[in-house]
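To keep things clear, I will list the structure first and then write my remarks on it.
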Amino acid sequence: MIKYLSQEQTKLIYKSRAWLTPLILFALIMIAFPLSIDLFGKQTSDLFMIIIVISLLLTNYLAIDDILLEDYEDGSFEQFLTQNKSLFSSVLAKLIILIIYKALPLSLLTILFASVNNVDPFVFLDLFLISFFCQILFLNIFLFGSALGINKGGLLGLIVVMPIVFPVIIIFGQSMTLLQNNSSIDSFLLLSLGISFLITPMFSYLSSLILKMHLE
Amino acid sequence: MSNKIINKFASAKTYIETCDKYFLFVFIPSILLIIAGWYWGIFIAPPDAVQGDSYRIIYLHVPSSIYAQLIYWIMAAWSAIYLIWRVKLAAYLTKSAAFVGLLVTFLALFSGSVWGIPTWGTWWQWDARITSTIILFLMYLGLIALHDSFNNQNKADNLMSILTIVGCVNLPIIKKSVDWWSTLHQPASITLTDNPAIDPAMLYPLILCIVSFGFVLISMGVLVSKLIIFNREKNRNWVKNYG
């Protein structure tokens, strides 16, 4: 079931080129921020770590904005319910595709921009992993928000889940500070990995439950 | 037998009748006690050796900070009751508590800012405790916004209950923020496990303020919940015949 849905979703996301928008926005922020400081200064490597948290937060919000809306409006979810298919599998598949098509390339882009901003190559692997795990958390939370405010516009979803995003920002921000000082972030990596595994099925289930409530 | 008891106490009608019966017995003493507590704290308790008289704002700040977090836990419990047993009264109480929680969190933030001017030299600092409290304020605001954005009240109750329980993830962060981060905000002076780090002459009026403020908030919550219940159950016969 998930495999079938994933194939469908992959086709859809690939055809619509929707996966490109967050990547382009992220690249735009990453190219623009050194221009606004000092092009040849050393500041860019320090500020990169700060700007990365906010830019990934924004791009992930943009990535999830209409993920459920299209299927909700064109009646796909309703059809799922009437055919007694699992809404949970559909939402989980959407989330997994999103992680593969948006979070993974964004983490790779993070490394690319880290290298052009004179960040120490020693921290690249940690940077990749922490940005990937934190993006999974962001996507889960924004998916939940998107489900909550599905017929009320994206802003409501954002407002209601913003407080839940803050713990992730704390983890991500603390990791960035530690990486800046060349310290180990193993504990944060394990923590974010563990939470990612826990909340991906949990938030997919909650989101599908909420969608069901909206449809009933 | 137990179902009968639950059904009796889960009824909005019984709740309103019970509240009407005992409201004044709670409200009037709580107002008198909070006035007494504030009078004791402001005019009788000795000034602080370092902060002078400016510390007296604790008689408003500490109770409001305690209840800002406690109300959210209570809301989470009611949300769980609503989602598990489908007790409508629990959903009404969750929403009324959100309004009281919003007000109390605002009071905590406002009184903290006023206290910050003489002690820290600034009314606002991006300190872990203050930032996490503003997140709590946003959580209350978000819950009210979510509930008010739906015309279907049952759907709104369900969504609000789910979000309330998920939002609990922030509460340990708020509580532990002063221990986990190096902050301007002092650690808790009164805990359940250790002896209080505050002189008894200042502590007793504070305890009186905390207890009586709790009863004032209960009274406030009862009034808000009555408004919500009358609005939601306006087509029921018992509401039409009320009073």
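Residue numbering: from 1, along the chain as shown.
For all residues, glycine too, the Cβ spot is worked out from N, Cα and C.
Going by TrEMBL, these are the annotated features:
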DOMAIN    B:21-185  domain 'Cytochrome c assembly protein'
TRANSMEM  B:21-46  transmembrane segment
TRANSMEM  B:66-85  transmembrane segment
TRANSMEM  B:97-117  transmembrane segment
TRANSMEM  B:129-146  transmembrane segment
TRANSMEM  B:158-174  transmembrane segment
TRANSMEM  B:202-230  transmembrane segment
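Taking every recorded stretch in B:66-85, B:97-117, B:129-146 and counting its Cβ pairs under 8 Å to the transmembrane segment (B:158-174), the highest total belongs to B:66-85. Only sequence-distant pairs (6 or more apart) were considered; of these, fewer than three Cβ pairs between the transmembrane segment (B:97-117) and the transmembrane segment (B:21-46) are under 8 A, so the stretches are not in contact. Remote same-chain residues near the transmembrane segment (B:66-85) are listed as 6, 10, 91, 93-94, 97-98, 100-101, 104-105, 107-108, 133, 136, 139-140, 143, 157-158, 160-162, 164-165, 167-168, 171, 174-175, 210, 213-214, 217 (criterion: CB distance under 8 Å, separation of at least six residues from the stretch ends). Here the domain 'Cytochrome c assembly protein' (B:21-185) returns a mean pLDDT of 92 for the predicted model.
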